[in-house]
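S.K.: Dropping a structure here in structure tokens format, bear with me for questions.
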């Protein structure tokens, strides 16, 4: 980081802290009591604040990483500043922990972008960092006591250490990420896969150079086939397997420990499992691609992109026809509708499902062309990545989304952010358009949450719209 870029980032960090603090103050004044899932998280954290570490709410499904971290921060602060017990364990103070995690995420975004995009100008990196910080689905939970900001912070920190080759530190941070949310095991595997893909591609390129071949001169489809053939041959060698195992042993150790936890626990979910049953919900993958298309709208939707997609379909009609048929089959046989999606009108997915998917039985099938375009745009945005990296990332996305029965936008936060961090940073004008989109969505979200409140007929409590 040069001196001028350091000044830019310092100004950005200070501005984000001031902006978020003002908004945090407004949210906390309007909604003082725990709201939604906070009714489980805040009382549990308060139990830990009082030293009752043997008490646990069976409705909570995640490990106690958020509560332990909160106690580890607020207790020393209370001793240092002489705060009373009512202040240190209050809803506002516990929510403030997520504001700190949010600023940590800002720093992680910047460091990862600096590591991956070394040839991009400082201004574009700073602007991209600010845009990711304001990503609406994550930014909203900065102001509530949810696991998302902390979970995202530790996953991003794990990924950063992986990129710098500090794999023992990455595994330790991955353990912290697991304590926030068990499904983060997928992103620990992603870090190991990132390392394996890099190693295998390095060996493959070395072999191609020996044979005087140039992979870049081939078509992408042929390169894909050759890379997969090489991978299958490479993995048949016990010596190569041992090399990869020695390279990724910190992650392997962590995965083995997690498997032991699952055996002892009887599954991945702790506490209430009745509403968190795993299933093969393949349309979740389509929802994720559509989600990505919407939030990357300024980058993906242009006449040139549409023309390139149509040209790609024209050149490979059999491939796209097969993908369309498979998609239709998955939608027909594997669409699940969680009871929360139909019953809770406080969440935005409720209205997405009601206004789009429930209009007609055929709507979910009619969206297949849009899903294909979104998936094509997704892959096209990652065209600078190796085919093995793409394969590994896609497998992680499948495991992160498909087993979830509930259509919940929060499940898409991490795969979306990792996708954005690894795509080429666009021009300043496109970044400004994307930033304008995020700001607009955030303004509407907080307007609905703070101003457009409502009540249920059988309850006196104020209800609010949220992600």
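Backbone N, Cα and C define each Cβ position, glycine as well.
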S.K.: Transmembrane segment per TrEMBL: which of the ranges 65-84, 185-204, 205-224 is that?
M.R.: 65-84
S.K.: Which residue range, 267-283, 386-402, is the one TrEMBL calls transmembrane segment?
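M.R.: Checking TrEMBL against the ranges 267-283, 386-402, the transmembrane segment one is 386-402.
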S.K.: Take the transmembrane segment (431-450) and find every residue of the same chain, 6 or more past its ends, with a Cβ under 8 Å from one of its Cβ atoms.
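M.R.: Distant contacts of the transmembrane segment (431-450): 23, 26-27, 30, 124, 127-128, 130-131, 134-136, 139-140, 295-299, 425, 464-467.
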S.K.: Looking at 153-180, 239-264, 284-306, which one has the highest count of Cβ pairs under 8 angstroms to the transmembrane segment (362-379)?
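M.R.: Looking at each of 153-180, 239-264, 284-306 in turn, the most contacts to the transmembrane segment (362-379) are made by 284-306.
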S.K.: Let me check one thing: do the transmembrane segment (96-114) and the transmembrane segment (153-180) come into contact, meaning three or more Cβ pairs under 8 Å with sequence separation of at least 6?
M.R.: yes
S.K.: At least three Cβ pairs under 8 Å linking the transmembrane segment (386-402) and the transmembrane segment (126-147), pairs spaced 6 or more in sequence?
M.R.: no
